[in-house]
């Protein structure tokens with residue numbers, strides 16, 4: 001289901017991406033292994049291979065991008081979780097390669113989609129579901145403001161959300177709404193969320209060559 005890990009030493013290949021790890025002391029896999037071993041953690045190799053070192057019983061950290069992974073102990077696919085939630089991590093790019101990372105994110109999207117069903121167009125119900133899923137209040141306000149305005153209101157079937165996209169599913173068609181970084185006015189690829197693209201485009205060149213399904217799109221700007 002997921003691509004194989006590149007056998008090239010990630011610390012060396014990070015130079016290709018001009019990335020300086022945030023925790024240089026844990027750049028080697030031996031150092032990351034030791035961080036787990038001294039705390040008596042078993043079967044830790046999958047976490048250290050995914051770039052993480054031990055921080056606490058409830059948290060591990062990526063040595064490169066600094067991503068915090070909570071409630072990690074029973075996760076079966078830490079590498080996939082890492083790539084999905086930290087797509088610009090230099091370690092992940094060096095380990096899987098750009099194309100491999102894109103393919104992994106695409107396959108993992110199906111596994112990690114969250115859904116909010118809109119029942120009776122109830123704002124309170126939807127707000128509570130979004131809050132339970134951990135989304136910020138500004139994001140929830142934006143979702144609700146756009147979900148319940150005419151003419152879309154009567155067509156909404158459900159709302160699907162994940163880390164990079166939120167999609168309103170309508171009875172007649174599908175519209176994907178992509179987040180835009182307002183600080184530097186950069187838009188990212190609708191499919192992978194990694195590569196920056198031009199304002200009048202929706203997909204990067206790599207995703208176009210992979211023949212991803214192209215959805216009819218509308219772009220909204222939101223600062224979370």
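If you go along the chain as it appears here, the first residue is 1 and each next one adds 1.
Cβ from N, Cα, C; glycine included.
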Quiz item: According to Swiss-Prot, which stretch among 170-188, 189-207 corresponds to the feature zinc finger?
Solution: 189-207
Exercise. Could you pull the average pLDDT for the repeat 'BIR' (29-92)?
Key: 87
